[in-house]
There are 2 protein chains.
Amino acid sequence: MAFHYPNGRKYVPAEKSTLEKSKRKNPSYGKRGMTLEDDINDSNQYYLDRGIAVIHKKPTPVQIVQVDYPARSAAVIKEAYFKQASTTDYNGIYKGKYIDFEAKETKNTTSFPFNNFHLHQIEHMRNIIKQRGICFVILRFSTTDELFLLEAKELLVFWERMENGGRKSMTKDEVREKGHRIILGFQPRIDYIKILDNIYQLDSST
Amino acid sequence: MAFHYPNGRKYVPAEKSTLEKSKRKNPSYGKRGMTLEDDINDSNQYYLDRGIAVIHKKPTPVQIVQVDYPARSAAVIKEAYFKQASTTDYNGIYKGKYIDFEAKETKNTTSFPFNNFHLHQIEHMRNIIKQRGICFVILRFSTTDELFLLEAKELLVFWERMENGGRKSMTKDEVREKGHRIILGFQPRIDYIKILDNIYQLDSST
């Protein structure tokens, strides 16, 4: 679909290959047509369209260094760097409740390593719990395409075990025991709201 | 403060002049040492440090087109464009409540024009209200440095007046009448949480 913006600048589609490369820290992304992020974004759009919940992915944080302003065209960012996010990637509201989560995946088949998580994301989750928000992670074992929703309070137990010298991961059995399996659907693909309804009995609170 | 990241790449500070230029659609920014955005970010940091609230500005949405990966250096974004935000700029949680707001300023002394607002931001506010979130705007009359907090439900009344053929702005008197004056302080600079406590009687709900 080639078109031009009214301002005369060419429409430049996001080049899939370039964008995927930018995710090379997470090499399991981009091996399917749809990424975990795509699936979650689609699910959020589904919730939004039906007035179920308002949850958005935060934009990727970028440190902008140089911007050009070509005549009669949109500003072009010519130099910028990826910054580490200081929060989780997704937040929003559902039935009056603040919702906050992060999505991570691993190729590992027997455990979920913590090197996927950043300390400030963990700190952020602690802060959200203190403020009585609903905070969790969506974990994907990409090899088997298994998804789990794990509440942040459970994740923190495993994280603190690591801080106290324990293993640098959660075993898959632990995730299975403490987490909630998400069965991939069609619409929405990842129906995490249904799981929140079950955990927090939100379904009847309207 | 010159330093290098552990990965060997030079620390590149955001050049004030370049960043300010990127806000040229909002020419009243950058005329002081501190911008409205700086003041709000500082206030959010104040709330965060003291465990009062967890509210963050969302990163500027950028469409990334080309990324270079120099050997042994951080990825460099070589071509990207500013995208229009699909939500408001700030959101988070305070005492279990979902908080969502946008900050806007005008050089106008007698009214606040609506050309500062985008339709999808207004739609987003409507969605947040439906989900029972706390949604508002912080309005700054930059010439006199007067700030007001105006609840989204009040803003929508004026917006709908415009949609029905009325004026394309709110008068300052209307903002004064329906809004809540924010007196600039030292710490935090913009104590909007105090105003929310008054409006929603959140202070005693803990």
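Glycine is no exception: its Cβ is also placed from the backbone N, Cα and C atoms.
Because the structure is a prediction, the values reported are computed rather than measured.
According to TrEMBL, the feature Mg(2+) binding site maps to B:Thr87, B:Asp89, B:Glu102, B:Gln121. Following the DSSP three-state reduction, the secondary structure of B:Glu102 (Mg(2+) binding site) is strand. If you draw a 10 Å sphere around the CB of B:Glu102 (Mg(2+) binding site), it holds 24 other CB atoms from the protein chains shown.
Annotation comment: TrEMBL describes B:14-37 as region 'Disordered'.
Other Cβ atoms within 10 Å of the Cβ of B:Lys104 (site 'Transition state stabilizer') number 19 in total over all chains. Under the heading site 'Transition state stabilizer', TrEMBL lists B:Lys104.
You'll find the Cα of B:Thr87 (Mg(2+) binding site) roughly 14 Å from the Cα of B:Lys104 (site 'Transition state stabilizer'). Chain A comes within the C-beta cut-off of under 8 angstroms for the following of the recorded positions B:Thr87, B:Asp89, B:Glu102, B:Lys104, B:Gln121: B:Thr87. Taking only the Cα positions, the spacing between B:Asp89 (Mg(2+) binding site) and B:Lys104 (site 'Transition state stabilizer') is 10 angstrom.
Those residues of the chain, other than B:Thr87, B:Asp89, B:Glu102, B:Gln121, with a C-beta within 8 angstroms of the mean position of the Mg(2+) site C-beta atoms are B:Lys58, B:Ala85, B:Thr88, B:Tyr90, B:Asp100, B:Phe101, B:His124, B:Met125. Taking the C-alpha positions, the distance from B:Lys104 (site 'Transition state stabilizer') to B:Gln121 (Mg(2+) binding site) comes to 12 Å.
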